[in-house]
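As given in Swiss-Prot:
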- 16-295: domain 'Protein kinase' (DOMAIN)
- 22, 23, 24, 25, 26, 27, 28, 29, 30, 45: ATP binding site (BINDING)
- 147: active site, proton acceptor (ACT_SITE)
- 314-333: compositional bias 'Low complexity' (COMPBIAS)
- 314-469: region 'Disordered' (REGION)
- 367-390: compositional bias 'Polar residues' (COMPBIAS)
- 432-469: compositional bias 'Low complexity' (COMPBIAS)
- 760-901: region 'Disordered' (REGION)
- 796-825: compositional bias 'Polar residues' (COMPBIAS)
- 833-845: compositional bias 'Polar residues' (COMPBIAS)
- 846-856: compositional bias 'Low complexity' (COMPBIAS)
- 857-866: compositional bias 'Polar residues' (COMPBIAS)
- 886-901: compositional bias 'Low complexity' (COMPBIAS)
- 944-1072: region 'Disordered' (REGION)
- 953-971: compositional bias 'Low complexity' (COMPBIAS)
- 1003-1035: compositional bias 'Low complexity' (COMPBIAS)
- 1095-1105: compositional bias 'Polar residues' (COMPBIAS)
- 1095-1126: region 'Disordered' (REGION)
- 1108-1126: compositional bias 'Acidic residues' (COMPBIAS)
């Protein structure tokens, strides 16, 4: 945008001259401008607006700034101006100019010079920021900034005041989530308007709190203060997991004040209720700077009460615990304030009571967070790598009314994944379950007493143990009820929801392992419970726990495989279901960033660096792993349907394995949810990869083809299960009518791509032939006939499909078979390389040996030439290299077609020569070149002595039909038009002596009920353009592109925008469509009769008429006419 230098702009009373560009964003730029009247400098923000939503957001930002412009610590807005034209809309916002620049730039300069901020400087900067936030929170309604960070703070060098800027993320709404839809909307909004490193736990895991309020700004201020002190954010390395567990490191040997460290820990409280408000923080900063509290009605010294609570905690500890090794071995991490020795910088105000320097204080039962645990434990963790620090995600408040389980002095496995600040699944080797698997005290208090290193702390935590024992007993009771052997007591959804709300973590699998899993009903319920918990969001602790017990599911798979002879279908179902969960566990262990519900969080993950990135959720490797899971999920669904059909539906009982129907229905619901979520995840991944990487990789094309096949199988599985009487009342996910398509741009490596595509196309054709031959022999051949050419074509579709449900079929389900044409009765007209796509309905009809009956009761075989044409389907041509590859696959057919073309050309030449000899004076009476396609069609129907056209494309030579399709695609003017292009050559004895000039009647508008189809351009009469008959199936096709009522052959090209919805239609749809066409033909009778009468009158009034009734195309005889109209 440097070309704006020297330009001028008038906004209100300001005459601005562009000086230079000082900042740049995604769709915005900030310029330094100078007012020519006052010579003052201002900042001008230029925002490019792409749609109405962005315009609404910019207007909202301007309204927020206008409300806040009076405060000294907020950048003032002076004026704004909107500029719009036909192509672009821009908004200019004029603001005051802060010459000191951004705070982050100042920090970088200070860091490079080696002179970091002192504590007094940090207090000044942080106080200015907090006062601006306090002003926002004091508004009615209050304003939440939501994007507080050092990058959004500016310095005014003249006044030395730091000012807050960038209010594009600000909101006036407090979000209250009541259901999953509102939760998903809130998550999308947060991902667009916040920065991950500054997000609070409640906006990382939305299940923590149903309310999102101004306390997220307090957490962001804690992260900002941390960065002012240590020049990094507290969760720079640990990411989302560190935020959820409040795991951050206080660097050892720091030189900052203990008050600043305590202030960080107060603001980084994982419980938003226990965080102070902005007014209390501002008052505390005033005290630290020897100033009067700015908000007297609020607390003025939150550090004092905070330190007093910690002193009480320290006094309640046993003085005998003065050995750090005992504490480390007992896994009881103390939680005092960080030790501040001689390095501590004195504050201007009298310091609060110093915390006890005892190395072994125990946690207080009144503290409801683990922040202190993090700070102190982190100091030790840098010096001693053997310390294991538990930091599980705090459960929901309603599930744990007492204290947080993370404060309990219990024993933890030495390799507990939550002890480190890295991702919990990074260390693959796991140990077996310990005797006390929970991260809280178990129901039996003797288990905790077995931990010899914690004996000194048991007496100080009895209150906490009692509250946690209640929670553990409740979890144990719920799991026992859900996995009992009572056939009447089915899977209670209420108990399951209650268990999910408790966020079960370590130790859950310890309870499930002790269940009698050799009983089929207990095992089935246990597998359902694990699957339900595994699919619930991103419960890191449970994923770690279930991964520790992954061998259980492998053993169940092997064990139930051996019991197939005894339990038949039930044993097979349990075996495959166990293996499916085993695959799920391994997948989540490797792809820990993907939650159990397979939510596609592109904004959170970012764009991958390569197609097969190992550490990114969006990659070819992840897609292939999900394909493997889906294959096994299909197998489990087949087992379910077979079991229900053979055991329950046939005997109206509970089956040989005594599995209740309600339990099977619950299993179907879980499998449906998982399969549909994986389908959407794969669709989104392929769409991102196809847009991000322009170079076509065969791995991506292979994934596209697998996805097409998976879509077909998934659709068939849903249909199959829905037909089972036991599952007839279950809701099944709604899939798009056709598989999503993706845009893949070919790069310069064209030769490599062509060779790869040739192999791929041959493989697809072979797969189609094998599937069609074996469809009656196998019930699992679900990859089907729709996955071959359709998937290959979709790989090069020009349709942008960011939404997996925004597109329609990428192929024409009723197109004709493959032919190669060069010239036909239409002359050199249209494209020279039509594409081909075999109709999936035709393949299905051949596989199932289905026949349709015509009006006379005669069975009509659905051959490629006799299929009904597509109505309204538009299909663009395939790339030239695809045509070339397809032409090479059928050399024999190509030779036959060439011979047919030569014969037709010879016949046409003979006809033209005879006409020239008989009527040389009438050679100029052919159809005018400027006429439209529709006029030419009607001209052909009226003047051509041909048999009546059928409802379906011709079963004879298809070259004429394809040439006619080329005409409609190219929309050229007529060149050497042959009126006999539709039909086989007419014998010489029946040919007319010459073709007279005919004047057409005005357009006749006939009511057409088929309003869903778009009429073709240059159409005379869309309702009069379709004439159907079944009596003569030897003529060409009658479906014109873009119109359901025309006499052109079916389109052979892929749709450019939206395709056809009839790929899944039945024979009943075909009959209804034919009846509709027949009705339209009857309506056209008057139009054709009218034109025939005009022809007769013109011949009677013309004394030089050279026609006789015997040679006329439409004489007095009505046989041909009746055949044409009926």
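A Cβ is built for glycine as well, from the same backbone N, Cα and C atoms used for every other residue.
It should be emphasised that the depicted structure is a prediction, and the values quoted were computed from it without experimental measurement.
Where Swiss-Prot records a feature, it is marked here on the structure.
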residue : record                       : DSSP class
22      : ATP binding site             : strand
28      : ATP binding site             : strand
147     : active site, proton acceptor : coil
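Across the structure, residue 26 (ATP binding site) and residue 147 (active site, proton acceptor) are spaced 16 Å apart at their Cα atoms.
Using a 10 Å radius centred on the Cβ of residue 24 (ATP binding site) and all shown protein chains, the other Cβ atoms total 12. The ATP-binding residues named in the record, 22, 23, 24, 25, 26, 27, 28, 29, 30, 45, extend over a maximum Cα to Cα distance of 14 Å. With a 10 A radius on its CB, residue 22 (ATP binding site) counts 15 other CB atoms from all the protein chains. For the pair formed by residue 24 (ATP binding site) and residue 147 (active site, proton acceptor), distance between Cα atoms is given as 17 Å, rounded to the nearest Å. In sequence order, 45, 46, 47, 48 are the residues near residue 28 (ATP binding site), counting only same-chain partners six or more apart with C-beta under 8 A. Long-range C-beta contacts of residue 147 (active site, proton acceptor), restricted to its own chain and to partners at least six residues apart, with a cutoff below 8 Å, comprise 166, 168, 169, 170, 193, 194, 195, 198, 220.
Around residue 30 (ATP binding site), the same-chain residues at least 6 positions away in sequence with a Cβ under 8 Å from its Cβ are 21, 22, 23, 24, 43, 44, 45, 46. A sphere of 10 angstroms centred on the C-beta of residue 26 (ATP binding site) encloses 5 other C-beta atoms.
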